[in-house]
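Listed in TrEMBL for this protein:
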| type | residues | note |
| --- | --- | --- |
| BINDING | H99, E120, H137 | Fe cation binding site |
| BINDING | C105, C108, C145, C148 | Zn(2+) binding site |
| COMPBIAS | 1-13 | compositional bias 'Low complexity' |
| REGION | 1-24 | region 'Disordered' |
Amino acid sequence: MVTPPSAASSASPPRRRTPAPKLGVRNTWQRTAVVEALRDMDKFVSARQIHEALEHRGDKVGLTTVYRTLQSLAEVEAVDVLQNKEGESLYRHCLSEHHHHHLVCAECGRSEEIEGGPVEKWAQLVAQRYGYELVGHDAEVFGVCRACQAARKK
């Protein structure tokens, strides 16, 4: 739990906070709490799931603050973002600083960072074929992880 400065107890030692990368000018305890929750969850999750995790930990961070923080983190590419089949944005703490793709479990949200290899070449070829200069692309691969497959069989 990240303790707000106004609620910190003088009897207990201050909690060492994990630095929040690329948070911009406003690095508040609420933003740090959102980043820590996202790191702890280690899978693609919605803003509401992050908010629920924060409440469970005792961190009083509003849902609007969670959404704004995630948007700020996405703008500076400090989190990975994808859309689920319902169109909801899902977020995950970004583990890599280089361009990558994800293999995502469609049931539990677990993900693996994967290299694009042939996708990178294909994207460049398609852009060239139509006379475009490639400036970026997104490609996510969805499946069902081993744990979810095993749970289905029970």
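A Cβ is built for glycine as well, from the same backbone N, Cα and C atoms used for every other residue.
TrEMBL feature annotations superimposed on the structure.
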residue: H99; record: Fe cation binding site; contacts (Cβ under 8 Å, 6+ apart): G116
residue: C105; record: Zn(2+) binding site; contacts (Cβ under 8 Å, 6+ apart): K43, S111, F142, G143, V144, C145, C148
residue: C108; record: Zn(2+) binding site; contacts (Cβ under 8 Å, 6+ apart): K43, C145, A147, C148
residue: E120; record: Fe cation binding site; contacts (Cβ under 8 Å, 6+ apart): none
residue: H137; record: Fe cation binding site; contacts (Cβ under 8 Å, 6+ apart): V119, A123
**Prompt:** Within 8 Å of the centroid of the Cβ atoms of H99, E120, H137, which other residues of that chain place their own Cβ, given that this set defines the recorded Fe cation site?
**Reply:** H101, G116, V119, A123, G136, A139
**Prompt:** Of all the binding-site residues here, C145, C148, which one's CB has the most other CB atoms within 10 A?
**Reply:** C145
**Fill in**
Not counting C105, C108, C145, C148, residues with a CB within 8 A of the CB centroid of the Zn(2+) site are A106, E107, G109, R110, V144, R146, A147, Q149
**Item:** Secondary structure of H137 (Fe cation binding site) (DSSP, helix/strand/coil)
**Value:** coil
